Every structure is written in C-alpha cells, then in structure tokens.
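Novice: Pasting the feature list from TrEMBL:
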DOMAIN    38-401  domain 'Cation/H+ exchanger transmembrane'
DOMAIN    460-583  domain 'Cation/H(+) antiporter central'
DOMAIN    597-746  domain 'Cation/H(+) antiporter C-terminal'
TRANSMEM  32-52  transmembrane segment
TRANSMEM  73-90  transmembrane segment
TRANSMEM  102-120  transmembrane segment
TRANSMEM  141-162  transmembrane segment
TRANSMEM  168-187  transmembrane segment
TRANSMEM  199-219  transmembrane segment
TRANSMEM  239-257  transmembrane segment
TRANSMEM  321-345  transmembrane segment
TRANSMEM  382-405  transmembrane segment
Amino acid sequence: LHENATYEFCFVLPSKVNSAGIWENTTDPFIIFNYSLPFLELQAGFIMVPIFKQEQMARIFQHQELGIQIIDTASLFGFTLFFFLTGVKMDINSAFRITKRSLGIGIVSLLSPILVGVAVHETFKQHNEPQQVTTERLIETMIEALTSFSVIACLLAELKILNTELGRLALSSAAIGDLSTLVLVRIITFSRHFASSPLLVLVRGVTMCCFVALLFFVFRPLMYWVIKRTPNGGPIAEVYITATMMAAVGSAVLTHWSDRSPLIGAFLFGLAVPDGPPLGSALIDKFECFTNGLFLSVYVTSSTMRVRLQNWLSDPSHIKFSTIFSIATFFAKLIPCCICSFLNFMPFKDALAFGLIMSSKGIVQLSHICTFRDNKIISQRVFTTMIFGVLANATIVPLLVRFLYDPNSRKYRSYETRNLMHLKPDTELRILVCVHTSDNVPAMIYLLDHSCPTKESPNVIYVLHLIELKGRNSPVFIAHHNQETSTAASSFFENIIPFYEYEGNNWDSVTVNAFTTITPLKLMHDDICAMALDKQTSFIILPFHRKWSIDGSLEEENNMVKNLNCNILDQAPCSIGILIDRGRIQKLMKPSSSSSSFSIGMLFLGGNDDREALTLAKRMARDPRVKLTVIHLIAYQDCKNDVYWDTVLDIEMLKDVKQNNGVLGNGCNIKYVEEVSNCGAQTIKLIRSIANGYDLMIVGRRYGVESILLTGLSEWSEFPDLGVVGDLFASMDLDSRVSVLVVQQQKCI
C-alpha cells in the first residue's frame, strides 16, 4: 500500500583486496573483478588505453618519453620497496644456523652453473670475439647461477609446502646461495675496478662497511628499543613505522649516490629490521599488498614491454646458442641439487622437485636483467633472450614441482593403531598438547593433572606452542629442551614454563618436551600432524576457538583456530580431543577454591568416538580425586529391537563400569546411570538437566553418525568440529559453565 520493498544484500567482511587469479573459478573467470585491486587495475587500464591510443601523453607531458620515465620511476620505487620488504621477511639468523646439507647445496647451486656456463662459452667461443659478447655471457651465467631467497619463498608459499621438510631445506639453502651470490658479485665488481682505480675501490669498500655497521649497530638497536616500548601484543605507533620507511628510502638514496644500486641499500636496511611481530609484521601488513599488487605489476609490465621480438628472431645463430646455453646452465643447477638431496636419503621424485625449486627464477632475476639493460651492458637481443628464459622458467617450474611433490596426497596416515582404547594397561601415554596463547595453558595442565599418570603408566607430554608466521618468510621450529636454542627462544618460553613446573611436581610420572613452531596458519596443521606421527602420540589435545571468561560470558572467537582444528580432525594420525573451557576449570584452579574433588560426567551414546571417550574417562577415574558418572543414553527403540554389532561393542565396553568390581582399580568412584530418549528434543532436555552437575563433561564427536537420539539436531549444529552433542554443550543457549572435552577416535589407519 505504501510502496515499501525489502532488499537483501550480501557483504563479505572483511573485504578481500587480492584475487587468486582467473583460475579461482574456471567457470566464471570474471569473478576476479569482485576484488578491489583487479577492478582498480581494470579501471586504470581503461583510463590509460585512450591516452596512449590518442597520443594525448604528448600534449600532457610535452613528449611521450616523459610519461614513460614517470612510469619507470614509479615502478622502480615500488621495486625498491619490494626489496626492502624482502629483507624484512628474511631471517638473517637462519643463515648462521645452517646445516652441512644446506651449506653444501647452497654453494653447489651457485658454483655449478658458473662452471658449466664458462665451459659452454669457451666451447662456442669464436675467434676475435668482441669484449661485449664476453661480458654478456658472463652476465647470463651469473643470472642463471643466482638463487633468490624471496623467489623461492614465494614459490613455496604458493605451492603450500613452506613448512615441509623440502620447503625448510630449500629456504635454508636459498639463504646460503643468496648471500653467497651477493658476496661473489661484490668481489667480482671490486676486482674489476681495482686495476684501474684501487683507491676508489678501497673508498667504496670502506663506505659500504661503514654503512652496514651503521645499520646493524645503530639502527637495529634503535628498532629493538622501539619494540620494547611497545606494549606486549599491541600495535607499533605510526610514527615509528613512518620513520622506518623514511630510513629505508634514505638508505636506497645513499647507496645510489655512492654509485650502487638503490635496491642494495633498501635490502640491507630490511635485513636490519627485526623480523616478525611487532615491527616486521606491521611493515608487511601495511605495505606488502600495495607493493606486490600494484607496483610490481607495473614494473613487470613495463619491463616486458621492452622486449623486441622482431629483432630477436632476425639472428638464428644467437637463438641457437642461447637455447643451448640456457638448457645447459639450468641442468647444471638442477642435477647437482638433485644428487645432493638424493644422497641425503630423499626419494628421487622429492629430490627432483627440490632441484627444480632451487632452479626457479622470478622477479629478482627480472630486475637484474633490466638493470643491466638500463646501463647498456647487455644488448637488446640478449635482453629479450633472458626475459624469455625467466618467463619460461616461472611458468614451467611451478607446474612440475606441483606434479612431483603434492603434499595433499601425503596424508598423515599411521600404519599402527594409535588411540586410547588399544593402549596396554601399564604403558606410557603419549599426549600432544597444542597451545596458542597463555589462556590455553591452565585448563590444559589441569586436565593433564587429572589423567592419572603413575610410575607404571606415565604420561609423556609433548607441548607445541603455535605462533602464526608474520613478517618473515622462513618458518621457525624451536626445541626448548635443547640447551643450544633455549636462550635464543626465551621470548617464546612464557607459555612453556608452566608445563615444566608441572613436570617438576610430578617428576616420577610425567615427562615434558616443549616445542615452538612459527608457521602460516593455513599450514599449521601439517606441523601438528607431523609431530604426532613422529612422536607416536596416542592423543592430541586442542583448545577450542572460543574463549569464555571466568563468569561464563563469551570473550572472543578465532575462526582461524576453528579451521585449524577441522584440518587436524581430518588428517591426524591418532585420536583427538578438543577442550572447551567455559570457566568452571578456571574457577577450580583459584587458590580460594575449597573443592578438592573433580566431578566428571561422561555422556555415552555409543560408537567409536564414545568408546574412545569412555576409555579416557575410565583412566581419569583411577585418580582418587575424580568422581566419574557415566550416563548411558539409550534410544527407546533399542530397548525392544535388534542388537547390532556396534551395540555389542558398547555393552562390552560398559561391562566393567556397570559392575565396578575393581577392574578399573581399587577406590575408583564411578557411578553408572541409564537414560532413555526417543527424539532429539528429549536429548536436549537431558543435557540441560545434567550440564551444571559436573566440572567436566566428556563426549564423543560422532560426526556424521545418524541416531534417533539426535533426530533433527544436526541441522541446527553450529560447530561441525564438535559434533552434535559437543555443539549442544558449547552452545550459547546452554546456561552452564561446565567445561567439555570432545573426543574423536583415530580414523586414518
């Protein structure tokens, strides 16, 4: 009547700037223009096309060359920022924590292409060959030998193998190769100029040494002072970020004035910036997206537009030599890396993939080629050849590596049964405890303390402190029980100390080994599953992604942790438990708490997960402080109908609980209760009635298991990682502060 209407709009928050490319959705490639940056570039293209087409640049800038110079200057500034950010993300300490394997591979990957390149050049060398050709061959050899840390890090991140054994070896070897190349180029440059002007070479060398000393002994301590002034977990003040960027630009200008590339000054200043949070990560978050998405796109486009294909095709002999030279130097780098990897007991396909990774080329090689062309050291023909070589390498290598080394096909499957049910009575229980923040620690320790470790059946606890990789390229793995790394890892030790104190209080029945991993959140599950497989753990304990305060109200929610838990549930090689602390455990741990007993309720519906959860509950019931109540929920139809095999296993599992005849140990305080339900609504009523009666509820996940007891509840489930029953206990609608442990039995055998 009043011409009203209702419109529905869908907003994706937070909005995304970068797309994954046209392959994000092959059926609708134009979906990339839903992102901000591709749409901005499209608009910029529509604006620039008529300008170039109608040659209005000449009227705006008086002549067309000025406009091109402006574009080149902007792209060079962006590339200088890229080199600065590359230095920020590079962990310089990793270059000094090398292994013999990475050192050997890094040096071999540098020297072998140089030797082969020189041999090929001498083989095809013509009589009275001009000096220009010799110089070009030397430059081509150095470009082929160059191992770029940033290019390899980007490739590994794109292929999602950054934190694999292959990725870690490639990064450490690339760091050695990158620094070795930098030193070798400086030596060659100084030696070439020393004969003509030794004094000038000496002055430049002293100037460079003073510049490096200024960065690492003046600016780096100042940046650490800024970090100390920043509150723990707080953001860096904008004035410090601005000052850091101005200093980086100043370093680039300074090296340019000293007849050096401005990229070197920016890169060295980036190395001096402490990597990781808070300063390094703040710089990366603010400038990387804009630099990589806009400036690098302009730089690559303007560089490749300088290719002259017609001029290149007019010389078949040059094409023949360049093809032979590129192939020879490529395999000269590929084969030794493969051999070194294969000799270190790496499978042949993995060794071949590693060799391809070490031979990869990208934006860094492109920048060197453009610099040599700008200085007219190489000809247009050689420039075109090298650009095509980089393009072919950057296109083919990632595809081959993905084909040879696919981490998604390598599930963390165990060839042994690693769960709680199949543990022998008097064997050690190996548990992997994952911790994100200090808030996860107290509840984890309280749960471990009530898992009844004894001298006959001790607990071996592996604590893994998980930190998101920010502001650096290289993942970090720290073993805190290693005395050599404990000092360097003191900043990550805060969340580990309580576990060592727990070990000290139970020295005869508990052993703690603590680790810290700094890795991308999307790849963090790989580290967790790999450690569980390597340490042969039977149980993994994960914190829930929601945090409740001590009064029961919801404080925060982390969806990244939720996705991490889901990935681990899908791939873990052993059983898993997700601990939801809604405040009850925090209250029990207060010094003012007078309660000395710990009341546990176990809701048993049947199935593999519930039997695994009951096994854990019975182990905890051996502790004299624990009072266990097993609530067996039976479907009404099961009281009258056929008995299935799963039901037989459930009955056998519950036999000693019903009898409580000392099989579980003398003094076990166990109560068995049976409840009958014929629908999901009655199950909800039962859960609400029992939730406040216990300090901890243990339930099975039962994901995807159909039951009349849960009819109609799966459609309303908010957390698939908890299953239907766990979701009910974690729901905000449940007026209870009971903590919950959701158990899933090992499923990948």
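Positions of Cβ are set from backbone N, Cα and C atoms, glycine also.
Tell me about the setting of these features in this model.
Specialist: Each residue in the domain 'Cation/H(+) antiporter central' (460-583) gets a DSSP state, and the totals come to 43 helix, 41 strand, 40 coil.
Only residues 6 or more beyond the boundaries of the transmembrane segment (102-120), in the same chain, are considered here, and those with a CB under 8 A from a CB of the stretch are 137, 140-142, 144-145, 147, 169, 172-177, 180-181, 184, 324-325, 328-330, 332-333, 335-337, 340-341, 358-359.
Within the same chain, residues 86, 89-90, 106, 109-114, 117-118, 121, 170-171, 173-175, 177-178, 181, 185, 326, 329-330, 332-333, 357-358, 360-365, 368-369, 386, 397-398, 401-402, 405, 407, 473-475, 519-520, 522-523 sit at least 6 positions outside the transmembrane segment (141-162) and bring their C-beta atoms closer than 8 Å to a C-beta of that stretch.
When Cβ-Cβ distances below 8 Å are used as the criterion, the transmembrane segment (382-405) is approached by residues 136, 139-140, 143, 155, 158-159, 161, 166, 303-304, 306-309, 311-312, 318-319, 322, 326, 330, 349-350, 352-353, 356-357, 359-362, 365-366, 369, 372-373 of the same chain, each at least six residues removed from its ends.
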Novice: Could you pull the average pLDDT for the domain 'Cation/H(+) antiporter C-terminal' (597-746)?
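Specialist: Its mean pLDDT is 81.
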